[in-house]
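Asker: Just lifted these from Swiss-Prot, have a look:
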- 5: active site (ACT_SITE)
- 161, 164, 167: Na(+) binding site (BINDING)
């Protein structure tokens with residue numbers, strides 16, 4: 001199975017950024033790819049998405065999420081709740097092993113494989129193997145610097161990559 005990644009997102013005011021590393025690990029012990037793109041803009045560039053977990057599962061969920069955005073005219077909150085509901089109830093989707101962070105200029109959500117939707121109180125989220133390190137770094141940077149969300153997300157991922165063996169420094173940062 002391919003997995004292991006780190007995604008971090010930071011929202012300050014109406015600015016939001018998401019960053020992901022590029023490493024894809026196969027079977028816990030082999031780097032298969034070093035420059036994968038695990039973050040993207042969807043819905044005409046108005047929504048950011050980052051995913052971690054099984055690659056095929058994450059892509060499937062991202063596609064489902066895009067469908068929900070289209071059905072709900074870009075309403076992020078409604079789309080993410082409907083995705084989570086479908087994820088929990090569908091026998092096939094329920095088996096997918098992935099996590100997603102989705103964000104726009106108004107909201108930032110983490111959607112879990114068990115169908116949970118969480119909007120972090122501090123507008124900072126991180127998922128994947130290096131998630132705890134990236135989250136701690138991002139929180140420290142938000143509290144102690146005046147950096148922009150994109151700079152915070154990138155720096156937090158760099159810190160995570162220096163600690164987590166499943167995270168690398170080939171970082172993609174997207175912002176709104």
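Each position is counted from 1, following the chain as shown.
The backbone N, Cα and C atoms fix where each Cβ goes, glycine too.
Just so it is clear, the model here is predicted, and its values are computed rather than measured.
A description of the local structural setting of each listed feature is requested, covering burial, neighbours and distances.
Answerer: There are 29 other CB atoms within 10 A of the CB of residue 5 (active site), with all protein chains counted.
DSSP gives residue 161 (Na(+) binding site) a helix state. Within the same chain, residues at least six positions away from residue 161 (Na(+) binding site) with a Cβ under 8 Å of its Cβ are 6, 21, 130, 167, 168, 169, 171.
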Asker: As a test of the contact definition, list every same-chain residue at least 6 positions from residue 164 (Na(+) binding site) whose Cβ is closer than 8 Å to its Cβ.
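Answerer: 6, 129, 130, 133 - these are the non-local Cβ neighbours of residue 164 (Na(+) binding site), listed in sequence order.
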Asker: Which residues, in sequence order, are found in the same chain with Cβ within 8 Å of the centroid defined by the Cβ atoms of 161, 164, 167 at the Na(+) site, excluding those residues themselves?
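Answerer: The surrounding set, listed in chain order, is 6, 21, 23, 129, 130, 133, 134, 157, 160, 162, 163, 165, 166, 168.
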